[in-house]
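TrEMBL annotations:
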ACT_SITE  B:Glu47  active site, proton acceptor
ACT_SITE  B:Asp58  active site, proton acceptor
Amino acid sequence: MKEFNPNEQGYYGEYGGAFIPEMLYKNVSDLQEKYLEIIQTEDFQQELNQLLKDYVGRPTPLFYSANLSAKYKAKIYLKREDLNHTGAHKINNTIGQVLLAKRLGKKRIIAETGAGQHGVATATTCALLNLECTVFMGAHDIERQKPNVERMRMLGAKVVAAESGSKTLKDATNEAIREWINNPQETYYVIGSVVGPHPYPDMVAKFQSIISKEIKVQLEEQEGTPNPDYVVACVGGGSNAMGAFYHFIDNGHTNLIAVEAAGKGVNTGQTAATIALGKQGIIHGSKTYLIQTEDGQIIEPYSISAGLDYPGIGPAHAYLSDMGKITVGSITDDEAIKAAFELTRIDGIIPALESAHALAYLNKMNLKESDIVVVNLSGRGDKDMITYSKYFNHE
Amino acid sequence: MNNRINTLFSEKKSNILSIYFTAGYPALDDTMTILKNLDTAGVDLAEIGMPFSDPLADGPVIQHSSEQALLNGITIARLFEQLKEMRQHITMPIVLMGYLNPVMRYGVEAFLAKCAEVGVDGIILPDLPMDYYLSHFKTHCEYYNISNIMLISNDTSVERVRQIDEQTNGFIYLVSSNGTTGSNKSLESQQDYYRHIRSLELNNPALIGFGVRDKQTYELTNQYSSGAIIGTAFMKHISEHGIDTDSIQNFVKGIR
C-alpha cells in the first residue's frame with residue numbers, strides 16, 4: 001500500500017493547493033520545499049518520538065470497551081487520544097510543527113484556536129521548547145471557553161481576541177493569517193487542522209498519522225489483525241479523522257467514517273455539516289468544500305461543539321469523500337450529548353463534545369458481531385463541563 | 001490587444017493616482033456616485049472592491065467597509081447591475097479587486113464576460129495563485145481582453161518577479177511592504193526595494209500600494225513607480241466626510 005500524499009503542488013485530486021497572497025508566497029514555498037526533508041531526518045524523528053513518548057504519553061491505549069461492545073453487538077475499541085497531555089490529539093501536531101519551526105530558525109509562533117484545545121497544545125509546546133507564542137481566538141470563543149484562555153495565559157502565551165466577522169474560529173484563522181502576512185519571515189504559523197495552504201494539510205496529516213500507526217500495532221496484538229472493519233472519527237477541519245484514517249486509506253478492507261456536526265440538523269440552517277451542504281470554493285488558502293451563500297460569502301457554521309464549527313473541511317477529506325474512499329455521516333447536538341452521557345455512565349469516560357459525535361454514530365451503523373470498530377476518542381470532556389452540566393441538571 | 005489600462009500607462013508615465021473603494025459602501029447604491037466623483041476629481045484609475053466575508057489581505061478599515069457593504073446587500077451581480085451604464089459616464093480604466101471565492105461561485109468565464117460587457121478593464125485577486133490563473137483564467141482573460149494584475153512584495157524573488165511580469169498585463173501591483181491593506185509601516189525604509197524593482201526594467205509599469213496614505217507617501221512612492229494606489233485612507237475619508245463631489249475633490253487635492 002502506498003502512502004497517502006498530495007501531488008507536488010499540494011492537490012488531492014482537484015482539492016488543496018495554496019491560494020495565498022503574494023506576501024506569503026516565499027514563506028509558504030520555503031516551507032513546501034523543506035518540510036518533508038526536515039521531518040524525515042533521523043534527528044527530527046528521534047526528537048519528535050521521544051517527546052511524544054515521554055512528554056505526551058504515547059502510545060495512547062486502544063481500549064476494548066466490553067460495555068459498548070455488548071450494547072452494539074460488535075467489537076468496539078476506543079483510541080484514547082483523550083489521554084494525551086493537554087487532553088486531545090492536537091498536541092501530536094503542535095510538537096511536530098514547533099520542532100520544525102525551530103529548525104527553520106523561526107523566533108515566534110502564532111496559532112488560531114476555536115475551543116482552545118489547539119491553542120492550549122501550542123502554548124504548552126512553546127513553553128516546553130521555549131518559543132514566544134501568540135494565539136488568536138474569536139472574541140466570542142474567549143467568553144465561551146474561559147478555562148482554556150486562562151490555561152494559555154498561565155502557559156505564557158499571549159491570547160489575542162479576533163474582533164472581526166463572526167468572532168469565532170474562522171475569524172481567528174483570518175487574524176492569524178493577517179498577522180503572518182505582516183510578519184512573514186520571523187513568524188511560524190502553527191495551523192491546528194488539516195486545512196490551510198499546502199503543505200499544511202499534508203504536514204498535519206503526517207503528524208497526526210501516528211494515531212492510525214498505533215492502532216494497527218495495537219489491534220494486531222489484541223485481535224491478530226492490523227485492520228479494523230470500521231474507523232469512526234468526528235470531523236471539523238478533520239485532523240483527528242485524518243490521523244485515525246491515514247494508514248487505512250485504500251487498504252481494501254477498512255470502512256472509514258467521518259462524522260460531521262449536524263448542529264440542530266443538516267437542513268435547519270444551524271449546522272456545520274460541510275460536506276453534506278458545502279459547495280466547492282476557497283477558504284484559508286485551499287480549495288475544498290465550504291458552507292457558503294449563493295454569492296460565495298462564507299457562512300458561519302453552528303455546532304454545540306466549538307471544535308467542529310468550521311465552515312470548511314480539509315481538502316484531503318473533500319477528495320476522499322468524492323472518491324467514495326470515506327463515508328460521511330452527521331450527528332446532531334442532541335445525539336452527541338446523549339452519546340457523551342452514555343459513555344460516561346457505561347465506561348466512566350467523559351468524552352469531548354467533538355468526540356461524542358463519533359461515538360453517537362455507533363447507533364447508525366449496521367454491525368455484525370464479528371465487526372471490529374475503532375472509534376477515535378479525540379479528546380476529553382473537561383472543557384465541556386459547562387455544556388454538559390446544563391443537561392445534567394435537567395436530568 | 002490594448003485596453004484602457006494599457007492606453008493610460010502608455011500616455012502617462014508618472015504621477016498616476018489610483019483610488020480603491022469598496023462597492024456597496026457606505027450605502028448599497030453609492031458605487032456609481034463615488035466613481036463619477038472620482039472621475040470628476042481627475043483620478044487616473046479606479047479599483048472597485050468586491051466585498052468578501054473573509055478578506056485575508058485587508059486591514060481593519062477595508063474589513064469594516066466590506067462587512068457593512070455585505071450587510072447592505074452587495075453581491076457581484078448587484079455590482080454589475082450598478083456598473084451597467086458606467087461607460088456612458090466614465091472614461092478612466094476600471095479594475096475590480098476582490099477574492100477568488102465569490103468569483104468562482106459566480107463562474108470564472110461568466111465573471112470575465114460580464115466585466116467586458118460593462119467595461120471593466122482589469123481584475124486583481126490577491127489570493128489567485130499563478131498556476132490557477134494559468135489553468136483557469138488566462139484563456140478567458142485574453143479572450144475578453146481583461147488584464148490580470150498581479151502583486152509582488154519585497155519577499156518576491158527576482159526570478160518570480162520576472163515570471164509575474166511575463167504573465168501580467170496592465171501594471172504590476174507593488175505591495176509597499178509586507179502587510180495587510182492600511183498598515184502604517186514606514187515606506188521610507190522600503191526605498192531600496194522600490195529602487196531594486198525599478199532597476200529590473202520590467203515590461204509592465206508598476207503602481208505602489210498598501211500603506212500609501214497622504215501627499216508625503218504618495219510623492220515618495222512616485223519617485224520609484226508610475227504612481228500609487230490609495231485605498232484605506234480614502235475609505236476612512238469618505239466614512240468621515242461623505243461621498244459628495246466636494247469631499248472627494250478635497251481628498252484628491254490633498255494628495256496631488
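Glycine residues also receive a Cβ, built from the backbone N, Cα and C atoms like all the rest.
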Provide the number of Cβ atoms within 10 Å of the Cβ of B:Asp58 (active site, proton acceptor), excluding the reference atom itself.
-> 28
At the level of the C-alpha atoms, what whole-angstrom distance separates B:Glu47 (active site, proton acceptor) and B:Asp58 (active site, proton acceptor)?
-> 14
Looking only at DSSP and grouping its letters into three states, which state does B:Glu47 (active site, proton acceptor) belong to?
-> strand
For B:Asp58 (active site, proton acceptor), what is the secondary structure by DSSP, using just helix, strand and coil?
-> coil
Report, as a single number, how many Cβ atoms besides its own are within 10 Å of the Cβ of B:Glu47 (active site, proton acceptor).
-> 25
